Amino acid sequence: MVEFAMHHAWLVPLLPALAFLAIVFFTRPWPMLSALVAVAGIVGSFIVSALAAYGVFTNPAFKEEPLVYAVRWFSMPGLQIDVGVQLDPVSAMMIFMVSMVASLIFIYAIGYMKGDPGFSVFFSYVSLFAASMLLLAISSNLLEMFVAWELVGLCSYLLIGFYSHKISAREAAKKAFITCRIADFGLLLGLLSLQIVFGTLNLVELSEKIAHFEQYTTLAVLSLIAVLVFIGPIGKSGQFPLHVWLPDAMEGPTPVSALIHAATMVVAGVYLVARTMFLFHEVPNAMELVAITGGFTALFAATIAVTQREIKRILAYSTVSQIGYMMLALGVGSMTASLFHMWTHAFFKALMFLGAGSVLHALHHKADVWEMGGLIKKMPITGWTFVIGGLAIAGIPPFAGFWSKDEILAMTLESGHYVLFVMAAFTAFLTAFYMWRLIFLTFFGDENPENHPHESPAVMTLPLIGLAILSTVGGLVGTPWAPYWSEWIFFGHPHHGEPNYWVMIGSIVLAAAGIYLAYQLYCVDKARAKVKALAERYNHIYTILYNKYYIDEIYLWFNHTIIDGAAKLFYLFDIYVVDGVIVNGLGALTCLFGEGLRVSNTGRLQNYALVFFLGVLAVVVLLAFTGPSAASLIVGGVK
Amino acid sequence: MEGIWMTAAFYLLAAIILGSALLVVLLKNIVHSVLWLAVCFVAMAGLFLTLDADFLAAVQVLVYAGAVCIMVVFGIMLIQRGDMGSTNLFNNQTKAAAGVVALVLAVCGYLAATTPWASPAAAVPENTVESIAEIMLSKYVIPFEVAAILLLVALVGAIFLAKEVKADARND
Amino acid sequence: MLATISLTHYMVLSALLFGIGLFGVLAKKNAIAVLICIELMLNAVNINLVAISKYITPTLFMGQLFAIFVITVAAAEVGVGLAIIIAIYRNRVSVNLDDFDWLKW
């Protein structure tokens, strides 16, 4: 079984793709059947993934040599592109994680989407997404990965705009697609440059060639390529300054937010950088860029999340912040810590999104956290699983988030990025604070009499429980005392950091402080007078944070002023210069010549004869007074 | 007819040719022009005699001085009747024409004067008619036949063009 | 030098005659006059042909033969030319070339 799964790993993306086709062409009129087909596809994919992952993680040979099955996609002089699957610890972990989370979310969606007119369509989209995401994870070739990368972008667009009757959903879908496309252009340029410089996009070959990049190019060119490649992840993973689409993407159905915009697609950027670590590793400046982008985004998004009111929006900024952590870890050179955080984050963030979906389901899509409260009494399963998620993201041991976040902090400190370390630590505090603010406001405190919540059906709560368990134990694979994770997922050589107890204790203290502060402000103080006083006192900061640093407004201003201004300029240029001077000018010039030549066109035979004789004379002179070469021009070929 | 006589004959004939040609161009009466044209053609025939081309001289007199001039006179009679006083005037591009002619003369004169001509290798045979007939009917028989057809076509064409057009056909 | 008549003399005579004829072609109003002047030009060419025949290739007679062809063609040309002029005159009641600007536009 394990052998079969490993040698047929291409089944992993294929099964959801088949489910997609089956739903589109056959089962669309029957919603429940469509859902079953989709779930069957992803669960089958999960089983294959799990078996393959078992095979990989029991054979240490895979640490050195990945298992690649590839066929020639197309071939032309100077360009051969292979397409195939590559199994190594990283991709095995990724397909396992993606298919597992996706399976749970698919099941959850059966309950959440019940009664929606687009039920079948929804499942066809998410199946296509799962297929694309798994293909992205298992690709052996960067071009293949890019195709999958664009496909997940397309699915993201389709699913954000799923409620296409809502204008905001349509706008958000367009925003997401366009923003990601801008970033993907950078990635495309980077990939083209790689192909041009190194002549291949195969991951294995590329890693071997880039290790000796001096034979092919200079460090400056390689740095440029690395930065171009990194632009793609900036967009896809919602890093500053292209993060603007991710919070708006919450217009999509909540399972989509959980699957695409929390657990899988948005971490594709992290995964891509991890896959091309051999490139970034050679370019210290690009690594610094990744680290600074990640660290800054983490803090930046966390501060915004503190003041937001919509439940999914808070989670969205939290996602941006956590992906910032992952980028930071990549930038300081620890792929291990980065992917570990990606692994744990997938569980607890999917859990929290699904919990939020459950809440929205119960409250009929009332999203403002200020209008909730005390929900834990009516919705115990949702509430307590959400609390587990909150503990995990805040970094309270032994929940999953603690181990990964702790490792990131430790690695940042160890690599000597002290400023980034302080930023990351402060972000940890903020994370605990805003997440528990959300929890206290939503699940504790007084009940809002206008709400009539009810617990969600089992099909929705079971995945919550499953994810809650994973959020609890998922981090135990990589504790500092039992570092199974770092033995398998690494770049270069496995790195076993000594348990840094100061960092550990410090992060626990910060998390606890954040939770305590949230408790004081939002749970104990029922009237919320202190909160209001704080907001009043730091009015400016509050306004800026509440308006997300006005990034959207700045972009809007930029578009309206600079782009539209330039467009206006070009419009005028077109009207007056292109149309006026060039087009009409050419016409006028032709008319002018015509008028001039009209004078010569007398119609009188003798005029013409006169000119004709002048011409004859010229030919005679030419023939008589110049050499044979000039004469041959006229009479054509003189021997 | 050797030496000085030849020279005298050439200059005399050249003077007649150029003078009558000038009169052809300059006279205002078209009938007078044609008259002087005939004079010019006859003098040309004389010039051909000085060039040992007796057959050509005869043809010149027959065709040009005889046929062509008479035909042109008939043409004039068909077209212009009444006062012939100023039927042959200059148009308004005389000066430009004179300029072009001056250029042509300059180029031709320069070329004629500077070209190193080969000196005659032998004398012209006495019996030119026989020699011309020989090459015309052997080597150049096809151009000869073509010329015959050309004359026929010209004859038919001239008749067709000059024929009176019927009244109903002109209304098209 | 002037005493002995050479090829150059005939050439110059021919050129002058050609020039006179060309002037007439370019500067006369009357279509028939233009036709006459064309005859002058053709005669100038004939002088050249015959003179070259005598002074360069005296035994070949090609120059004279060509002169005969030229005369033939000239006769045909005069015939057709006059016919055309008559036809035009019938339409326009004019032989003044200044009146004929049909080639315009």
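Every residue, even glycine, has its Cβ placed from backbone N, Cα and C.
Copied from TrEMBL, the annotated features are:
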TRANSMEM  A:6-26  transmembrane segment
TRANSMEM  A:33-57  transmembrane segment
DOMAIN    A:73-123  domain 'NADH-Ubiquinone oxidoreductase (complex I) chain 5 N-terminal'
TRANSMEM  A:122-140  transmembrane segment
DOMAIN    A:139-431  domain 'NADH:quinone oxidoreductase/Mrp antiporter transmembrane'
TRANSMEM  A:146-164  transmembrane segment
TRANSMEM  A:185-204  transmembrane segment
TRANSMEM  A:256-274  transmembrane segment
TRANSMEM  A:286-307  transmembrane segment
TRANSMEM  A:384-403  transmembrane segment
TRANSMEM  A:415-436  transmembrane segment
TRANSMEM  A:457-481  transmembrane segment
TRANSMEM  A:501-522  transmembrane segment
TRANSMEM  A:609-635  transmembrane segment
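Per-residue pLDDT, averaged across the domain 'NADH-Ubiquinone oxidoreductase (complex I) chain 5 N-terminal' (A:73-123), gives 86.
Beyond the transmembrane segment (A:384-403), the same-chain residues lying 6 or more positions past its ends with a Cβ under 8 Å from any Cβ of the stretch are 318, 322, 340-341, 344-345, 347-349, 351-352, 355-356, 376, 428, 431-432, 435-436, 438-439, 442-443, 461, 464-465, 467-468, 470-476, 478-480, 507-508, 510-512, 514-515. Only residues 6 or more beyond the boundaries of the transmembrane segment (A:122-140), in the same chain, are considered here, and those with a CB under 8 A from a CB of the stretch are 9-10, 12-17, 19-20, 23-24, 28, 34-35, 37-38, 41-42, 45, 49, 66, 68-70, 82-87, 91, 94-95, 98-99, 102, 105-106, 109, 113, 116, 147-149, 151-152, 154-156, 158-159, 162, 202-204, 253, 255-256, 259-260, 264-265, 268, 271. Tertiary neighbourhood of the transmembrane segment (A:286-307): same-chain residues 223, 226-227, 230, 234, 238-240, 243, 273, 279-280, 314, 317-318, 320-333, 412, 417, 420, 423-424, 426-427, 430-431, 433-434, 437, 542, 545-546, 548-549, selected by CB-CB distance under 8 Å and a gap of 6+ residues from either end.
Note on the transmembrane segment (A:146-164): residues 13, 118, 121-122, 125-126, 128-129, 131-133, 135-136, 139, 170, 172-174, 176-177, 180-181, 184, 187-188, 191, 232, 236, 248-249, 251-253, 256, 260-261, 265, 268, 272 of its chain, located 6 or more positions outside it, place their CB under 8 angstroms from a CB of the stretch. Within the chain, the transmembrane segment (A:501-522) has long-range Cβ neighbours (under 8 A, six or more residues past its boundaries) at 394-397, 402, 405-406, 409-410, 413, 425-426, 428-434, 436-437, 439-441, 445, 480, 528, 530-531, 534.
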